[in-house]
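Asker: Let me begin by handing over the structure; questions about it come next.
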Amino acid sequence: DLWEFGKMILKETGKNPFPYYGAYGCYCGWGGRGKPKDKTDDRCCFVHDCCRYKKLTGCPKTNDRYSYSWKDLTIVCGEDDPCKELCECDKAAAVCFRENLGTYNKKYRYHLRSLCKKADKPC
């Protein structure tokens, strides 16, 4: 769920997720293609896109909402939630953003997707 993912990012990084990551590089935000621009784009967004693509099995496509909570500043995805795997993908990306704040480059914010060429590596 995009809203829940945004809340995870905000709490992990202290950054507003939509302007900060909504159109960053070649993979952050809607759709993704081309060669990732840096560790934030590659390790976080590219891996997140691949994770969500691979984890769509048990979660209804019409409703990808999931439950989660915080325990000692750690995201805990709902154990019996049918969308738990998607929650885990979002959690991993939010933590990745925090761990890679130092690689964030403002020049890739609002990056034109037309500049993103064919991907060098598949999921």
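Note: Cβ is positioned from N, Cα and C throughout, glycine not excepted.
Got these off Swiss-Prot a minute ago, pasting:
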ACT_SITE  HIS48  active site
ACT_SITE  ASP90  active site
BINDING   TYR27, GLY29, GLY31, ASP49  Ca(2+) binding site
DISULFID  CYS28-CYS45  disulfide bond
DISULFID  CYS44-CYS96  disulfide bond
DISULFID  CYS50-CYS123  disulfide bond
DISULFID  CYS51-CYS89  disulfide bond
DISULFID  CYS59-CYS83  disulfide bond
DISULFID  CYS77-CYS87  disulfide bond
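If you look at the structure here, what lies around each of the features I listed?
Answerer: For HIS48 (active site), other Cβ atoms within 10 Å of its Cβ number 22.
ASP90 (active site) carries a helical DSSP state (H, G or I). Taking Cβ-Cβ distances under 8 Å and a sequence separation of 6 or more, the neighbours of ASP90 (active site) in its chain are ASP1, GLU4, PHE5, MET8, HIS48, ARG52.
In the three-state DSSP scheme, GLY29 (Ca(2+) binding site) falls into the coil class. For GLY29 (Ca(2+) binding site), the same-chain residues lying six or more positions away in sequence with a CB closer than 8 A to its CB are TYR21, GLY22, ALA23, CYS45.
The C-beta environment of CYS44 (disulfide bond), restricted to residues of the same chain at least 6 apart in sequence and closer than 8 Å, consists of CYS28, ALA93, CYS96, PHE97, ASN100.
Long-range neighbours of CYS50 (disulfide bond) (same chain, six or more residues apart, CB within less than 8 Å of its CB): CYS123.
Sequence-distant contacts (6 or more apart, same chain, Cβ under 8 Å) of CYS83 (disulfide bond) comprise ASP1, GLY58, CYS59, PRO60, ASP64, ARG65, TYR66. Secondary structure at CYS83 (disulfide bond), as computed by DSSP, is coil.
Close to CYS87 (disulfide bond) in the fold, though at least 6 residues off in sequence, lie GLU4, TYR66, SER67, TYR68, ILE75, CYS77, GLY78, ASP81, each with a CB less than 8 Å from its CB.
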Asker: Cβ atoms within 10 Å, counted per site: which of CYS28, CYS45, CYS59, CYS89, CYS96 has the most, among these disulfide-bonded residues?
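Answerer: Answer returned by the neighbour count: CYS28.
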Asker: Around the recorded Ca(2+) site, report the further residues of that chain (criterion: Cβ within 8 Å of the mean position of the Cβ atoms of TYR27, GLY29, GLY31, ASP49; site residues excluded), sequence-ordered.
Answerer: CYS26, CYS28, TRP30, GLY32, ARG33, CYS45, PHE46
Asker: Do any residues at least six apart in sequence from GLY31 (Ca(2+) binding site), in the same chain, have a Cβ closer than 8 Å to its Cβ, and if so which, in order?
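Answerer: In sequence order, ARG113 meet the Cβ cut-off.
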